[in-house]
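According to TrEMBL, the protein carries these features:
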type: REPEAT; residues: 5-46; note: repeat 'WD'
type: REPEAT; residues: 47-79; note: repeat 'WD'
type: REPEAT; residues: 89-130; note: repeat 'WD'
type: REPEAT; residues: 131-172; note: repeat 'WD'
type: REPEAT; residues: 205-246; note: repeat 'WD'
type: REPEAT; residues: 249-290; note: repeat 'WD'
type: DOMAIN; residues: 344-588; note: domain 'COPA/B second beta-propeller'
type: DOMAIN; residues: 616-771; note: domain 'COPA/B TPR'
type: DOMAIN; residues: 822-1227; note: domain 'Coatomer alpha subunit C-terminal'
C-alpha cells in the first residue's frame, strides 16, 4: 500500500471522494464534517451543524453538493461553494447509517436504525419512497451504478436487493405524477409501507451468521460483496431470476466494517475492526495483501470514481492510499518509445505515430502488478522488465524483428531472476541489484553471472549511466560506478534519488527525488538544485538542453543555471517521455501515449538571455506575446530592465524599470501619469546624474522643490527664471527662499526691502549703509525713530556680495554628455507600440452618460430602477508615424561619357530655326511617377489615376461599387498638391507634396491624408457615438472607418495586422448595430415580432464587441427576454453578463433575474438560437449560419452570407462583391 495522504482527527465514520477535484469528505464521530485537499494536504473547510456523530457522507457526481446523515436523525444537503447547509430532510426515527446520491436522478438514499430505507428527491425535498422489510438496523444501502437496483445490509443477517424500476417509471414524467404520494406523506400517511409496488424486494441473500455491516455492487458485473460481524467477506452472484453465494473470503479476526470492489481490477478490498485492510483476489478468493495499523480500528472504505485511489477511515483519522504504483515502465531509444501496458510490451514510433504490442510479458489469470522499470538493449533487441512481485524479479525478453499484428508470446523462453532492479551496461551484459544482500551481479544474455561485487554502500537502486557504468543511489548520495574496474568514478551528495534522466548526448543528468531535482554534468558536478513543494513525477530533456518535468499539477521547465517556471497546468498527472519542439509526449496513468502541445517561448527566451543570444531574444520579443509578472521580475533580476519595459503597461512598474535602466524619456512619461512627489524626486535624481537639466527642471517644478530650482537656475545662468523664482517666493510668503534668490541675483534693494518687512531693521540698515543706499538707510532710521548720530560709524568699504556669473550659459540645452552607444535592446526596442486605443470600461459616473437607443432596453420595472452603462470612448495614444524604408536603386541616373558625334538633331519644319537655342523635351509628370512607383491604390488615387486605382481595389478586395468612395477619392487627390496663386488672370501653380524627400525619382510617393492613427481616432469616435445610443450615426462612422482603411499606408507588418483588426472590429459593430436598429423598428404588439426581436437581441450579443458594449447588449437582451417570459434565455444572458464584471447596479439586476429564472427555467417562445453551437450571422437576413453549413464571405470586410447572396454587393461595407476572389488588401509599399 502506497500512502498518499494521512490526517489525525476524531474517529472517521464516513468518506467520499470528489469525482473531479482532489478533495475528500470525512464525517467524524464528534459531529463534524471535514473537507480535505489530499493532493496539497490541507484542510479546506469544516461543517458543524449535526448534533452527534455523522456516519454517512457523499459528494454529488456533478453538482456542487454533498449530503450527510447523522445520529440526530437528519439528512442534510450542503452546497460546498456556498459553504452552508441548503436544507434538512426529516423523516427517520433513529440513527442514519449511510447516505448516497443517485448517479443520474435527483435522488438520495439513506439507511437508518429505524429499520427502513428512504429515497428522497433532493430537488423537491420530499421522501418519494420508504423501503421496509428488514427487522433490525439497516447498516448500509446503495444504488446500483447502472441498473434500477438497491442493495442493503442489515443486522438481521441478510442482504437484500431491491428493484426500484417502478419508482423510476413513476417519477419519469416529472414531479406532478407524485402529488398524491407527497400529500399522503405530508399528512402523516405512509403510502409505500404496505403493499407499494414502487420498490420491491428482488432477492434476499442469507448466508452470514451475524449482522451484515456492508454490501456493495460490482461496477460492471452482476456481483455483490458483503462483510459482516461473522468476520467473513462473501461474494454473491445474481441473474434475472435468482442470486446465490459464490464463495467466502476468510482471514479477518474481528467484525468486517466495510467491503468494496476495485473499480478497474479483479480485486476486493475490506477493512475490519481487527485493525487491518485486506486485498483479496476476486477470482481465486485468496488474500493478496494485508495492511495493519497498530492501534486503530478501521470503519469505512471509499474508492475514487475515476482514479486508482482509496481511502480508509479509522479511530484517529483517515488515510488515502494506492495499492500499487501507476507509473508505466518505459524507456526511450532514438525515435522509439518502449513501454508496458496491460501485460504487453508496446512500441510507439514518434515519427509515424504507430503503436503496436510487441510481446506478452506475463500469462495466466489473477492479479497483475505493473513492472517498475524497463531497460532496452538495441544491439540485441533485448528487454529487461523489472517487477516488484515476490520481493523483486526481472525478466529478460527478446523483441521480435517484425512488430505488428498479434504480439509474440515468448514468456516460456524468457529468462528470469531475483533482483530489485536490472539495467543493461553493455551490448551483452546487464547489472542486477540484489537489494536484500547488497550485492550487484553482472550477467550475460544467457542469464549467467560473469561478475559480482559487494555494493559500496547501502544501495537503494541502480540506474544506467552509459556503457560499463551505473549510477548507484543510496539514501544520501549518488555514485558513478565503473563495473569493469569495480571502482567509484564520481560522487554527489543528494538525498532519496528515485529516477535518473540523461540528456540525449549524455552530458547532463537530472536526478529526481520526491521534491527536488539536481542537475549535474557527466562528472556528477552539481549545476543547480530545484525544489518543489508538490511531488515530482517525471521529466525529459529537449533539444535545447532544457529539462522539462512534471509534478502532480504542472508541466514545468528548468534551465541548467537553475531558473525554472511553469509551462502549463495539468488535470491529471502524466509521465513525460520525450520533448520535441512544441510537443510533450507522455504516458498517462493508464499507460496510454498522449501528445500535449505547449508554448516553449518563455523558456527559449530565458535560455537565449542566459546564453547571450541577443538576436534570438529580439526575435522572440517581436514575434511572441510574452507577458506576466514572472517574466518582468526575471528580466529585472537578471539586469535587463530595458527589455522588461517592453512587457509592462503599469505606469508605476514601468517608471521603476525606466529609472533602473536610465531611460529618462520613458520615466518622464510615466511620472506625468503617476504625478506623485516621490516619483518626481526619483526622476530628478536620475536626470541630475545624467546631466539632463531640462528634465531635471521639469521634475523640480512638479515636485515643488523651489530651493533646488533656484540653485539650478543659478548655476545655469538663467537670470530670467531666477527673477520668477523670487516672485514665486514672495507670493508663497517664504522669506528665506526670497532672500536666497535676492542674493543669487545680487539685488540689494530686494534684500533691504525683505529685511524691513520681516522686522530686521538693524540688518536692513547695515545692508543699505554698506551698499551705499543712503536714502534707504535714512528711511529705516526714521522708521526706527533713531538718529544717525546715536549710531556708530558703518564702514562703506565693503563690496557687493554676489554669486559669480556663469561664463557659459547653457540653460536652453542639456549639459554636455559623454557619447555612449546604445545597447542592442535599447536601440531595437526604442519604438513605440501602436494599438487601437485603450479598452473601454464601465464605472459609476460614466454609466450616467449612456443614452439614446440603449436607454429603452435596460429597464425591468418588476425588479428595480434602471441602471446605466458606461461610455466607451477613450482617447487613444498619439503615435508618431514611421517613414518608409529607403530602397537601393539600379544607379541608372549615373552620368555616362557619351560623345556628341553620331547623334542627329531633328527639328520641326514649322518651328523657326534657331541654332542658339533648342526647346527642351517634356519630362515625365510626377503623377505618372507616383502611379508607376507604387502598388497601392491610395497612391494611384493621389496621382489622379482613378481607373487603375479601381482596378487595384477590385483585384485586391473585390470592390465593385465605387460610389461611396467618391468623396474619399477626391479628398486624397486634392490633398497631394498645394497651389500658389501667380499673376492675376493666370492659373494657380500646383506643387506636389511628397511623403519624404528623395533625390531618386523612383522612390517619390505622394503624401496621403490618412494614416493609421487618424483612422483609429475615427474608431474611438464611433465607440463614443455607440455608447451614446445614436446607432444610425455609429453605423455611418464605422463605415467611414472601413472606407478610410482602404487607403492607409503601413510602414511595417504589425501595422498591417492592426489594420486588419480595425476592419474586423468595424464589421462586427456595423453588423450588430444594423440588427439592433432592425429590432427597434419591429412592432412588439405582434406575437411573431416578439420572437424575431429576442432572436436579433441574442445574435447581437455574439458580435465581437468591446466589453462595455457587450455588457450593454447583454443587458438589453436579458431585459427583453425577461419581459416576454423567456426565463431560460434570460438566465443565460444574466450569467454571461455576470462573467464580464459589470457595475454594481447591473450586477444586482442580473442576479435578481438569474434567481428568478433558475426557479422557473422555461421559455414561452421557442427561438432559433443555440448558444452552444458556434455560428456566424448572415449580413443580409440576420439569421445564424451554424458551423458546417455552406457560407460565402465578403472579400473585404469578411462578413458572412448564405450562398444565395453570392455575387451581390456586401450590405456591411457596401463596396465589395460577396464571394468574389481577391488577393487581399495591400497596405505595405513595395
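The backbone N, Cα and C atoms fix where each Cβ goes, glycine too.
Keep in mind that TrEMBL annotations are predicted by a computer and have not been checked by a curator.
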### Query
In the repeat 'WD' (249-290), how many residues does DSSP call helix, how many strand, and how many coil?
0 helix, 24 strand, 18 coil
### Query
When you scan the chain for residues with a C-beta under 8 Å from the repeat 'WD' (131-172), skipping those not six or more beyond its ends, what do you find?
94-95, 97-98, 100, 102-103, 105, 107, 109-113, 115-119, 121, 178, 192-193, 197-206, 208-217, 219, 224, 226, 228-229, 236, 238, 243
#### Entry: Beyond the flanks of the repeat 'WD' (205-246) by 6 or more, those residues with Cβ under 8 Å of it
136-137, 139-140, 142, 144-145, 149, 151-161, 252-261, 263, 268, 270, 272, 280, 282, 285
## Note on the structure
Its residues classified by DSSP, the repeat 'WD' (131-172) shows 7 helix, 20 strand, 15 coil
#### Entry: Helix-strand-coil residue split for the repeat 'WD' (5-46), DSSP-based
0 helix, 24 strand, 18 coil
### Message
Can you tell me which parts of the same chain pack against the repeat 'WD' (89-130), counting only residues 6+ beyond its ends and a CB-CB cutoff under 8 A?
### Response
14, 55-61, 65, 67-71, 73-77, 136-143, 145-146, 150, 152, 154, 162, 164, 167-168, 171, 175, 178, 181-182, 185, 190, 192-193, 196, 198-199
